[in-house]
Ligand SMILES: Nc1nc(=O)c2c([nH]1)NC[C@@H]1CN(c3ccc(C(=O)N[C@@H](CCC(=O)O)C(=O)O)cc3)C=[N+]21
């Protein structure tokens, strides 16, 4: 059996084309959706990601601003800048690129973003809303994974979903979204003794571990949907997921590649959240 690839670039393009029409409608009313990305320091990977986000905004007609700040920016200055952006009506979404330099308290920085502009979905208010099923911004990577399931016609209801990883930005919100969609959810992590055995029971397997090719073919149930959230840079410079794609593709029913899978969907859902922030603002 050969798995069908889930083309994140194609789905992203389809969703972005639809969003572009909504952006144009808002712009015509004088509410061009605006995203401001704050980059502190010069981490080379962050530079690339941030540029991709800004380009993606511009491609669908959104206004995006990239603010670069020096690596030694003080916490007080960063918090003050976020407060200014909170008060700026032309800014609908604020994204502070992570990781931040060590001297900055990332939790405090994120909690300073106004929840209605938290398009990353990282604020405690967004996490809490997701936890109790109230409206709020969903973290972009798990949100994008849910869109991919929808696109291939995979309804999680009654399925066993296994999430490997328990981070606040992927594993935990992914599990909550799957639970909300009525899956039976298992979360595995580094202290799970029978991780391979649990993974093998998954109808939907989400790998968010951060270790290249962690999920091997023997950990996958034949026909399962495998979503690979990992973006690992190998010593040769190539990108590689958390799933051993070449082996797992012969077992799974569906599989996301890396690159070209979940990554482009993460950026797409950032655009979606920014669009929603602008729509809410325009209707008040
Ligand atoms: N506040 C904040 N929000 C984030 O969403 C955030 C962040 N900080 N810090 C860094 C990570 C990383 N991240 C990626 C998103 C898309 C791709 C992506 O589209 N990757 C392409 C490949 C790009 C390449 O070739 O390098 C793909 O998978 O096809 C990658 C990485 C968002 N992050």
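For all residues, glycine too, the Cβ spot is worked out from N, Cα and C.
Bear in mind that TrEMBL entries carry predicted annotations, made automatically and left uncurated.
Annotated NADP(+) binding site per TrEMBL: 165, 166, 167, 231, in sequence order. For 6-120, the entry in TrEMBL reads domain 'Tetrahydrofolate dehydrogenase/cyclohydrolase catalytic'. The domain 'Tetrahydrofolate dehydrogenase/cyclohydrolase NAD(P)-binding' annotation in TrEMBL covers 139-281.
Here the features listed in TrEMBL are painted onto the structure.
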residue : record               : Cβ neighbours (10 Å)
165     : NADP(+) binding site : 24
166     : NADP(+) binding site : 18
167     : NADP(+) binding site : 16
231     : NADP(+) binding site : 20
Close-lying binding-site residues around ligand 1 among 165, 166, 231, where CB distance stays under 6 Å: 231
Taking residues 165, 166, 167, 231, which bind NADP(+) in the record, the widest Cα spacing (Å, whole number): 16
Overall pLDDT of the domain 'Tetrahydrofolate dehydrogenase/cyclohydrolase catalytic' (6-120), taken as the mean: 96
